[in-house]
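S.K.: The structure's right below; bear with me while I get my questions together.
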Amino acid sequence: MGLTRNFILWILLSSLFTAIQLTSSQRNTPPPRSKDADLCNGVFVSYTYLTGTKIKPNDTKNQPYRFESEITVLNNGRDELKSWQVFVKFAHREILVSATNAVLSDGSSLPASVENGTIFAGFPSADLKTAIMTAGDVTQMEARVELVGTQFGVAPPSVPLPKNITLVNDGWSCPKPTQQGSNVLQVCCTPNPNITTSKIGQKFLPRQEGDLTIMYDVTRAYQSSYSAQVTIENHNLLGRLDNWDLSFMWMKDEFLFSTKGAYPSVVDSSDCITGPQAKYYKDLDFSNVMSCARRPHIIDLPLTKYNDTNVGRIPYCCRNGTILPRSMDPEKSKSVFQIEVYKMPPDLNISSITPPQSWQIKGNLNPDYKCGPPLRVSSSQFPDTSGLPSNKSAFASWQVVCNITQPTPPKCCVSFSSYFNDSVIPCKTCACGGCSSDRVARTCSTTSPALPLPYQALLIPFDNRTKLTNAWAVLKNRKVPDPLPCGDNCGVSINWHLATDYRGGWTARVTLFNWGDTDFVDWFTAVELRNAAPGFQKAYSFNGSIIAVNGKNTTVLMEGLPGLNYLLAEKDGKNPSEDFRIPGKQQSVISFTKKLTPGIKVGSKDGFPTKVLFNGQECSLPSVLPTSNSHRKHVSTFLLILTPFLALLFLRI
């Protein structure tokens, strides 16, 4: 009896073990490789949809579904594929929750919306070797990226395939992908014949060009730590950064032990104390550790710290986070700082160094930058510190390339005015956003066009303009919408005023207003005048010059003269309880000749800019231009006398 019972128990356990094995194998078995992969003599890329299920909440109009997919990148070519990158054009409002063996090249952390498509970069193994160099070892030739995420609207058994998948590495050409069955999208990419094979197959990738580059140079390496120098360099003609904030993500539990030339925005070692770092480094005083955050934020030091022997004394450091374009000052177009990094097991050898991923950089009222993954490049060269006429190579170097993207919405706006119209065309309604909430929509109109203003309203904060704006509308017989249009919500506004237009030339007046709480040091503005720029003569209170942008001499660059390079923040009036706040202001008249621009139509269009940038950030422009008042000659004098009295009357009601 006992023997029979033991036998039955053994049968049950064996069945359970077999079932577990089968279930495990069913879940983990990768999809079989396509036969087309063997026919591809380049890089074979495929996207395979594996499974999907309905998830909460239940919503017939906007139902979410979990999806699991796999990206395969197989190098069947003759040359090693360095730092592979694959673009996937998702099409169903996908939210990516996890991805193995890859990171998002734009630095986004998961979960992340990828509905507009995204680029995957290989990590931790970024390079795919060839069959020739590995004797056909597929594990070194191939990368498999397992994706888990959420998509909307495609219920099983339908398959939410992306619209496109392609290799984006330089030097490769990919045709339109083909669909195999219902769940596979694949493409075979081959070397671009216009690029030599030697360039593709070289040991390191060539340094790339971009609006902003970041070099991560390892200068000293030890078993459990290393030192690195980070160089941020601006290459854009009109781009800049103010109060730059640089962040990245450690991938293997590294932590920031010390810094020179920059500083973490938050000094905190608590994540190490509660994490594996304190268990391994038992004798380390973590009170001296700079940051244990997985994504530390690094900021520049103030000028006063440049000669500080503890945190400063680094060339190109300590400038309050200001990086100017080379067109303004080449010496101030880069920032440099140094860090000391502690590693964790199992990477405790000198050669095991993993650069941080997901780089992001931003500034205060500056262009938005999108950064790619760090790419291994040839080691940087540094002058020998001993003074000998030789260079010293970095232990290893990686380059991060960042490019400017046009944000939506912008952060500055422009108003237009002219000598032939007594009203100002103001900045657009909601020009800089801030109008999406229901509360805002209930208090003002987000769609009504901004009301024309009298000139003196430009000096008054938007919230205090209501009475003056209404009075001006009544005076000009304009209908006042209810509710009134929302404000522009911009931290900086620029007024372009067409001042004169005569036979031999014309003049304009540019006024910059700072409505924010931060001073702008070494500010600049760039104005594109497509037809009028060749006639530029002089900016009387600014330093002005013509610069070539994209090969065209159509842009006037203006910056503050020595001693006038500060655009101060908004401040209280003399009597804060009664007076309006006062914006920081800079103003100059600029003159043009018509000798080089015959036939120019100054008043109708050519005298107004087609693009305006402030500190590298493109500003919102009005949709209409000032027009000539046919009756203005009869009433202008009367209005000039009456307007101040109306303003005074309505502002004191």
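Each Cβ is built from the backbone N, Cα and C atoms, and glycine gets one as well.
Summarising the annotation, Swiss-Prot assigns signal peptide to 1-25 and lists sequence analysis as the type of evidence. What Swiss-Prot records for N58, N116, N164, N307, N320, N349, N391, N403, N421, N464, N543, N553 (among others) is N-linked glycosylation site, and it gives sequence analysis as the kind of evidence. According to Swiss-Prot, the GPI-anchor amidated asparagine annotation covers N629.
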S.K.: For N58 (N-linked glycosylation site), which of the glycosylation sites N349, N403, N421, N464, N543 has the nearest Cα in space?
M.R.: N403
S.K.: So how many other Cβ atoms are close to N391 (N-linked glycosylation site), meaning within 10 Å of its Cβ?
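M.R.: The Cβ of N391 (N-linked glycosylation site) has 10 Cβ neighbours within 10 Å.
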S.K.: Name the residue among the glycosylation sites N403, N421, N553 whose Cβ has the smallest number of other Cβ atoms within 10 Å.
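M.R.: Sparsest of the glycosylation sites N403, N421, N553 by Cβ contacts within 10 Å: N553.
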S.K.: Would you count the other C-beta atoms found within 10 angstroms of the C-beta of N349 (N-linked glycosylation site) for me?
M.R.: 12
S.K.: Could you check which of the glycosylation sites N116, N464, N543 is the closest Cα neighbour of N403 (N-linked glycosylation site)?
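M.R.: In terms of Cα distance, N403 (N-linked glycosylation site) lies closest to N116.
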S.K.: Ten-angstrom check, please: count other Cβ atoms within 10 Å of the Cβ of N543 (N-linked glycosylation site), all chains counted.
M.R.: 16
S.K.: Rounded to the nearest angstrom, how far is the Cα of N421 (N-linked glycosylation site) from the Cα of N553 (N-linked glycosylation site)?
M.R.: 30
S.K.: Determine, using Cα-Cα distances only, which of these glycosylation sites is closest to N464 (N-linked glycosylation site): N116, N307, N349, N391.
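M.R.: Closest candidate to N464 (N-linked glycosylation site), judged by Cα separation, is N116.
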S.K.: On a count of neighbouring CB atoms within 10 A, which of the glycosylation sites N116, N307, N320 is highest?
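M.R.: That would be N320, with the highest Cβ count within 10 Å.
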